[in-house]
Amino acid sequence: MSGASFWKQKKGLEWLAALFLFLLLREWLSPLPTLSDTGNISSFLYLLVGIVLVDMTFRSHLLGLLIKGILALVIFHAEFVELSFFNPEWLLETLRAVSEDFTKIFSQDWANMSIISRNLLFLSMILILVTLLNNLVLEQRQGLWFVFITISYLAVLDTFMPFNGSGAIMRTLLIGFMLITTLHLSSIQKGFTYRGPQSAIWKTLVVPLMIISLAIGVGYSAPKADPTWPDPIGFLQGKAGKGKSDVIRKVGYDTNDKTLGGPFQQDDTKVFTVTTNDKYYLRGDAKDVYTGKGWIKSDKQLESIVHPKNYMWSDTLFSGLETKKVMAVMQAEGEQLPAIFYPGQLKGIEELNPGNVTLTYDTISQGVLTFNGAMQKDSNSRTFIERDDSILIPTPVEQYMDHYQLQAEIPVISEKKIIMAGTDYPRDIQERYLQLPNALPDRIKNLAEKITETSTNPYDKARAIENYLRTEGRYRYETKDVTMPREGQDFVDQFLFETMKGYCDHFSTSMVVMLRSIDIPARWVKGFAPGQEISRDANNNITMEVRNRDAHSWVEVYFPGSGWIPFEATASFTSPLRVNYDRFSNESSEVNIPASTEDKEVNKPKQLDRLEDEDVPVAKKSVAFSWVWLLPIGFFIIVGAWFLWKKRQQMYLWWLQRKMTQYAQDDFPRRFTLVLTIFEKMVSPRHSGETLREYVNRLQISGDKRQDLLYLTTIYEKTLYGLKEMEEKAKSLWQQTIERLIRQMKP
């Protein structure tokens, strides 16, 4: 085989089109880290690059398929295997794992397939689909449909999923138009011999790139008014009239809190049943970084607990406080979760089902996740699963828990001790839990300072902000009529000063941000409220049903010497926290914090009484407009008007053709009248009193058109003067004549 026939001879424009195709394919993978537990997509991107390069380089499809298959195995080996690539043992074990899962594919038991088989299938799917796309887009030059599908895919994710696709859609528009332009120029270059300088070909891309960039840039950057029409998504989901401007999601425990806000609907799906000797919030996780839109974790310090029953839990949340021992038995009922939820502070785990489970404990957030198998860490600090003496070490597989029994303790707060805690915060606590976005509006801090101006210690300040949000009546608990923040708008700022209604995420996040703004360490915590009591036995053990609707978020505030103390900022929720109000007496009385003003009257702090008479600032909706945009907008309006004027005859002809299709095929009089209208509008108007024959003979048209028009005029005259029916041959002839005349009249 000669060298020329072995390699494909590709020109520069074809390589550029391949680059644009790769960038479009990348947009398909970019949502994975947000919408799934896929941490890194770099391996998939390497595979995309390799497949595109192989298809652009080798003529032999068989050789190309072999090379791409080897590349997929290399990537699989780099991610999951510790042995050398040339050691056949890992390949044999991979084949064994795939063969065991082969029957599960046909029995549709996909959930129980091993992580090895699932990743191999995903890599194989990428290989096959990208190979087909290379052939359709780069070889057959059919790129428009793929650009349209990519935009639709991103739009659907942006609409129905927690994924912000505005930037991805803008990139796809730019890349897609450039791909189509490059494919078109490549086809021209391939069909014609060009003997001029090669730089002239590349210069032809400059104008399309400038026009596309300008159009997309103006559309993205220009000021936009708020939507005035109701959101159509409600109608698509059968929820018309239940939401105003946001997709209605279902309530439930979710690990992705990057974007908070928007309406949701209640979900009564059972999560688990809890049997315990005391009601308390069930803690799941905590997050420390507020982005202005939601919450993320700055980092994790994971500790692998291979034998949970023998593990000695330290005082991870609080210490030096009076506590009450709590027993809890959790039984999964519906939607299972790969985590341990516990009341207060976890002290021990007695039963676990499934038993072969490893707990991954985050020593920063005190969250406990459950994984299948035994965990270990490699030199790169990546966490893996080790299956007995297996050679393969795949990424962690979450283990959904059916049943577990645990021991915990809940704190009883002494006001006297908390007040004396002071503000000597450890450096690591200050660095992590005083973080706020640089763009946080100043009026949030100003409001926090005004609320706490008469408070002298962090505890009273935290209680003042908690009462302001819970009991003042300014903020309303709402789950449906809740809007998402606008582009660039802070989540807390929108809630405090504009909408003043929301649910637990709004109240808890606002309290954390206000506390941090006045230098009090706080963090955002999520889990479940106690749920609904369904029974109580003779030993006063309570059985409760916890459903998705009980998913909740609250606040933890740090006090030196005591640790993390929970606070409840959300109106209509009952805090289970026990407090000894012993600051003014030696006697201590343990009481629960009141739920809300609906349950009992709450004495308001004096500084809040003064706030009642003040106006709370409300941001007015406005649309900023810069006169700088008048020039490009006016330019596009003028160009558009000029284009429509130049194409007016084509558009009018198209409209008449569309109107003609509304008439029956054998309705000759109406169809002929439209043909005459075309000539009157596009050639010359008919004079008053002028017969049809006189008009046709006067027209300045070619002989063929005149003969066709005279033939139709003759038939029209016959139909007017007695001809009722025509033979099928005559019908076919005049129909063909009309179609021919219309084609000839097109500019």
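Note: Cβ is positioned from N, Cα and C throughout, glycine not excepted.
Annotations in TrEMBL come from automatic prediction, not curation.
These come from TrEMBL:
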TRANSMEM  12-29  transmembrane segment
TRANSMEM  41-58  transmembrane segment
TRANSMEM  65-86  transmembrane segment
TRANSMEM  120-137  transmembrane segment
TRANSMEM  144-163  transmembrane segment
TRANSMEM  169-188  transmembrane segment
TRANSMEM  200-220  transmembrane segment
DOMAIN    496-571  domain 'Transglutaminase-like'
TRANSMEM  624-645  transmembrane segment
Recorded stretch that, among 12-29, 41-58, 120-137, has the most CB pairs under 8 Å to the transmembrane segment (144-163): 12-29
Average model confidence [pLDDT] within the domain 'Transglutaminase-like' (496-571): 91
Ranked first among 41-58, 120-137, 169-188 for CB pairs under 8 angstroms with the transmembrane segment (12-29): 169-188
Most Cβ pairs under 8 Å with the transmembrane segment (65-86), selected from 41-58, 120-137, 169-188: 41-58
Cβ contacts under 8 Å made by the transmembrane segment (169-188) with residues that lie 6+ beyond its boundaries: 11, 13-14, 16-17, 20-21, 23-24, 27, 137-138, 141, 143-144, 147, 150-151, 154-155, 158, 201, 204-205, 208-209, 212-213, 216, 220
Positions on the same chain near the transmembrane segment (120-137), where near means CB under 8 A and six or more residues out: 17-18, 21, 25, 44, 47-48, 51-52, 55-56, 65, 68-69, 72, 75-76, 94, 98, 143, 146, 179, 183
Residue distribution over DSSP helix, strand and coil in the domain 'Transglutaminase-like' (496-571): 21 helix, 34 strand, 21 coil
